[in-house]
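Reading through the structure tokens given below for one structure.
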């Protein structure tokens, strides 16, 4: 597609039609800001999380994983500053009852207190805490208040000493976590980009003070390289450094990797130098010593600085779909049937790796195709489709991003060969059935996006 311009409407339509994402509770009219991941969506989401997890805990010897509880002691959120500071400015329209983030309104509307929807009068701005508050146990008084975690990072900080002791970790080292977080957003919008329930992929890297700038630069490079590795077009990515007015209260420096979504450049992932703020606060509030003892350097004691990489998993899913989406003219016959919709996922990200397609259902081709699929599914996520013309079946696989199709025809019965089709180029090669698995693995290893 020229300049790769797409609309969010096309993305949403494709996601629902092909089983990537559905509106939550749709039969009841839908729950605003909540989404369910369908058969292809969950495969895509799992592949993105596996790629990130491999990058962190497998390719780095000094990073380990954690799965902390969603419900944490409420003092955690007092120490982190969330109870006091995790707020957005809120205004209401007295007439139409719409709610707005004050900092997202046009300045003239906010200054004149005029609703942008109906022209009614806006209320004064007030702070709105984004944490979901609930109660634990049989009572619902202040003693039973608990929060759904608004971020996964604090679960890492409170386990930092446990992991040092149990895994004999030495600084510098990191702790990675993928998990759900919850924020009572004033406005949820742009499909799965901003929702109240979402998943984060966060890594907290503990370093000696004075080395933090060096590690900050290292992780900036690492995180940019991750998106390049999985085929994201770098002309759609940019860095945004937080100005002094944007920096969080705990941050020494912060950069966002932004992606050009249909609604413009928006944050995809943040790399933050959180200094020793979090561990210092948890020391104060818990009474526990969070200092690191450097046994290799004369038992020197210090509270580590933390370099954080924080990405939204669900936001990454949207990014990979948007970045992969393409519409391509495949013939010059002057009608709409000559266009195909294709998702150009990296093969390691694609929800289906290979589809097996018998040319016909009869004459034993379907049975042979099932045999081949059974061989392939030991190695790859596979699909099987025997309905309709072969060209339409190719198009269906293109639309969900399947990088390889294997066609089983009458020659396959005679000489034990199959046709391997490539999604991006639509080229086809004839290869022996016995070489199919090794050829697909080689193609995945050497994959380079051409569009």
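Heads up, the Cβ atoms here are built off N, Cα and C, so glycines get one too.
Mapped onto three states, the DSSP output places residue 202 (substrate binding site) in strand. The annotation substrate binding site is assigned in Swiss-Prot to 101, 151, 198, 199, 200, 201, 202, 308, 309, 310, 311, 312.
Taking the Cβ of residue 185 (ATP binding site) as reference, residues of its chain lying under 8 Å away and at least six apart in sequence are, in sequence order, 33, 88, 130, 194, 195, 196. Secondary structure at residue 185 (ATP binding site), as computed by DSSP, is coil. Annotation source Swiss-Prot lists ATP binding site at 183-185, 193-198, 267-268, 312-315.
The two recorded residues, residue 313 (ATP binding site) and residue 202 (substrate binding site), show a Cα separation of 9 Å. Residues listed for substrate, 101, 151, 198, 199, 200, 201, 202, 308, 309, 310, 311, 312, cover a largest CA to CA span of 27 Å. Distance noted between the C-alpha atoms of residue 202 (substrate binding site) and residue 268 (ATP binding site) is 12 Å. For residue 183 (ATP binding site), the nearest neighbour among the binding-site residues 101, 198, 200, 311, judged by Cα separation, is 198.
Residue 196 (ATP binding site) carries neither a helix nor a strand DSSP state and counts as coil. The most densely surrounded of the binding-site residues 200, 309, judged by C-beta neighbours within 10 angstroms, is 309.
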